[in-house]
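A quick write-up on the structure given underneath.
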């Protein structure tokens, strides 16, 4: 048995440990700390009795209060859903113009539309709606089918070139490889690129103007500004959906690529489509 050691200065027993002649006094813990520790033990026992706490083989103790975190969550969800019912009903009953003019409804619709956008639209258009190659940027003011509320709603509801919806936007640029010879294709590509950039060959671009007037102006307009009613893009704004440069234009003229957007009305319902419309319009590019 080790010999007890009493500190000669304080008269307090030491722990028996020594480091380079330094000994640790074995003072008792403060009484307030001890009673606090005992209180936490009592509180823990009371909690284990009152609430679900002790895991069993297939379940856990229920607790005397019958509390359930799942039931509490469901109650909170039901309360939140009930508080939103009135606003959802108003959105369902009003037009997108009426919703947009009501600040409270507009704010609620934007929040709902932002949530629906992340789940259904961000895969193609990006989480920030900035798009990518082949997928339009929804933040700018370049709209193939129009950027006002009615046009955006129609596009979301019925999609673009979507076979399952008879009201879908349906326009396709024909393949001009069967109409134009390779030289004419290079000429019109140089002309279109030259509308916003420096063409590789000014002579080709000059000759391409007449090729454009004869073959492209019917859809894109004499000024190449496009026509929303036909889904024909503006070629004079330096915004390119698929790729940039004369080579990319040559490929698109010869064998066009056409994107498809699903019709969302049948999947999401009219109310969510309206919320998406308000949200997309609020991004800054809506007209």
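Every residue, even glycine, has its Cβ placed from backbone N, Cα and C.
From a predicted model like this one, the values you see are computed outputs, not experimental measurements.
Annotated by Swiss-Prot as transmembrane segment, the relevant range among 37-57, 58-78 is 37-57. Residues 216, 219, 220 are given by Swiss-Prot as heme c 2 binders; from 29, 173, that same site also lists 173. Report note: the heme c 1 site is defined by 121, 124, 125, 261, and the residues of the same chain whose CB lies within 8 Å of the CB centroid of those residues, excluding them, are 120, 122, 123, 135, 136.
Those residues of the chain, other than 173, 216, 219, 220, with a C-beta within 8 angstroms of the mean position of the heme c 2 site C-beta atoms are 215, 217, 218, 232. Counting only the Cα atoms, the space from residue 173 (heme c 2 binding site) to residue 261 (heme c 1 binding site) is about 16 angstrom. Residue density at residue 261 (heme c 1 binding site): 20 other Cβ atoms are found within 10 A of its Cβ, drawing on all protein chains shown.
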